[in-house]
């Protein structure tokens with residue numbers, strides 16, 4: 001049990017990352033009932049946006065100074081792609097069969113990956129991302145936090161708090177809730193629902209960009225494929241927490257992250273399961289958790305029953 | 001003087017099926033006009049077209065003399081046309097107070113909004129008592145009150161009510177109809193769609209009977225109430 005605190009913190013940071021990306025899935029789904037499978041690539045492009053800014057800055061710029069600009073660059077790139085996807089790929093299909101935007105999303109996901117692969121300089125292999133120098137921070141003798149993760153552990157709660165206040169307190173946030181609950185009636189109130197939908201894509205994109213910067217700082221690299229598995233995990237987190245619920249997305253992320261960290265560490269200690277532990281099997285345990293939760297609570301941890309939506 | 005709302009040869013279709021097949025009527029300021037008829041007559045389709053949720057196939061809609069065709073739904077309420085939809089459609093997970101605030105979404109006059117919110121609570125005291133409760137927890141009749149209160153929050157020049165008595169207990173129905181009569185006495189212009197012909201015609205200055213997409217009979221409320229064919233078809237008399 002000596003390593004339990006460390007394992008939990010590892011899980012928490014991973015979960016915060018999943019949660020930030022999951023917000024994008026859950027907001028878009030909550031409003032237009034679309035799983036935006038290109039969201040993983042919107043995350044990936046945020047990473048490349050941040051990297052581009054870093055490379056533009058004079059070499060030797062301290063990372064702590066560059067970081068705010070990198071975040072802005074990542075957000076601009078992700079939000080631009082997310083809103084363009086909404087405007088040109090999804091909006092023309094709105095009101096059509098539900099399968100059409102879903103297939104479009106998968107196509108867009110592949111197209112964005114390949115576009116980065118083909119056109120970003122040297123992106124055919126991983127590009128290195130700046131990292132904070134120095135050793136990890138020692139909290140206790142058995143608990144260390146990587147310097148890159150500190151950013152994540154600050155950014156994720158701040159983003160969530162800001163989003164929670166925005167949705168519950170602001171006029172636009174209330175319009176967003178109204179649109180999610182009943183789009184036609186929202187229009188009758190004078191709400192421009194098209195603009196609300198763009199806003200949902202933009203917020204999701206911005207959060208994904210923050211996650212991408214955190215991901216870059218944590219792993220020291222970005223690549224054109226990084227959106228696939230991260231997106232899949234975040235989507236799992238969104239469903240686990242109850243898709244459509246922003247707090248559910250964060251909770252689902254944290255639960256998933258901690259479950260993964262525990263599985264990596266402890267599954268191999270269970271007699272007879274020595275082969276099933278460690279990093280190789282972590283995705284299996286993540287998706288197993290999803291299946292188990294959905295068997296017991298099909299609406300997810302914080303999800304509302306679908307009947308309430310009618 | 002031109003009427004507040006003029007509908008001329010309006011046609012609306014869902015795909016190839018024409019639900020409204022060329023109807024014309026007007027609503028003058030201060031009047032209560034009702035559209036009655038059975039399910040599928042095209043009453044709700046007419047209201048949804050007036051508020052911009054559906055696009056007409058042909059014909060003209062003029063509000064205060066200005067054409068409404070092509071104006072998106074979210075801009076119509078700003079012109080002074082409020083729509084309380086069939087089935088109430090309150091926002092279930094927002095509170096009653098928040099629902100009312102959304103009715104005033106486009107207004108900027110905080111004092112006026114506060115005053116009108118209080119007015120809604122005076123009109124329906126139960127809403128005031130439960131203002132911080134989620135709207136989905138209200139009974140059907142209370143939800144209807146909220147839907148009407150919410151529509152009034154935009155200070156509309158024309159209030160459109162779609163089936164306000166649907167699915168309500170007789171007592172609740174009476175209460176809602178009383179409220180409509182009160183609003184009428186205050187001078188509110190109302191376009192009322194109802195299946196409950198008796199109640200609607202007793203209130204209305206003018207009525208139109210719709211059958212499969214057409215207006216088949218028009219008259220004052222009391223004329224229609226005493227019309228033999230209306231009594232047979234809609235008031236359940238032999």
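Just so you know, glycine gets a Cβ as well, placed from its N, Cα and C.
The structure displayed is predicted, hence computed values, not measured ones.
Positions annotated as transmembrane segment by TrEMBL: A:12-32 (among others).
The transmembrane segment annotation in TrEMBL covers A:39-57 (among others).
Only residues 6 or more beyond the boundaries of the transmembrane segment (A:63-85), in the same chain, are considered here, and those with a CB under 8 A from a CB of the stretch are 24, 36, 38-39, 41-43, 45-54, 57, 108, 112, 130-133, 151, 198, 201-202, 204-206, 208-210, 212-213. Residues or ranges marked as transmembrane segment by TrEMBL: A:63-85 (among others).
Tertiary proximity for the transmembrane segment (A:97-120) is limited to same-chain residues at least six positions away from its ends with a CB under 8 Å from its CB atoms, namely 33-38, 40-42, 44-45, 48, 81, 85, 89-90, 127, 224-225, 227-228, 231. Annotation source TrEMBL lists transmembrane segment at A:97-120 (among others).
If one looks beyond the transmembrane segment (A:150-167) by at least 6 residues along the same chain, the residues whose Cβ comes under 8 Å of a Cβ in the stretch are 12-13, 16-17, 19-20, 23, 67, 137, 173-174, 176-177, 203, 207, 210, 213-214, 217-218, 246-247, 250. The transmembrane segment annotation in TrEMBL covers A:150-167 (among others).
Marked as transmembrane segment by TrEMBL: A:196-217 (among others).
Residues of the same chain lying 6 or more positions beyond the ends of the transmembrane segment (A:237-263) and with a Cβ under 8 Å from any Cβ of it are 7-8, 10-23, 25-27, 29-30, 156, 160, 163-164, 167, 180, 277, 281-282, 285-286, 289-290, 293-294, 299-304. Annotation source TrEMBL lists transmembrane segment at A:237-263 (among others).
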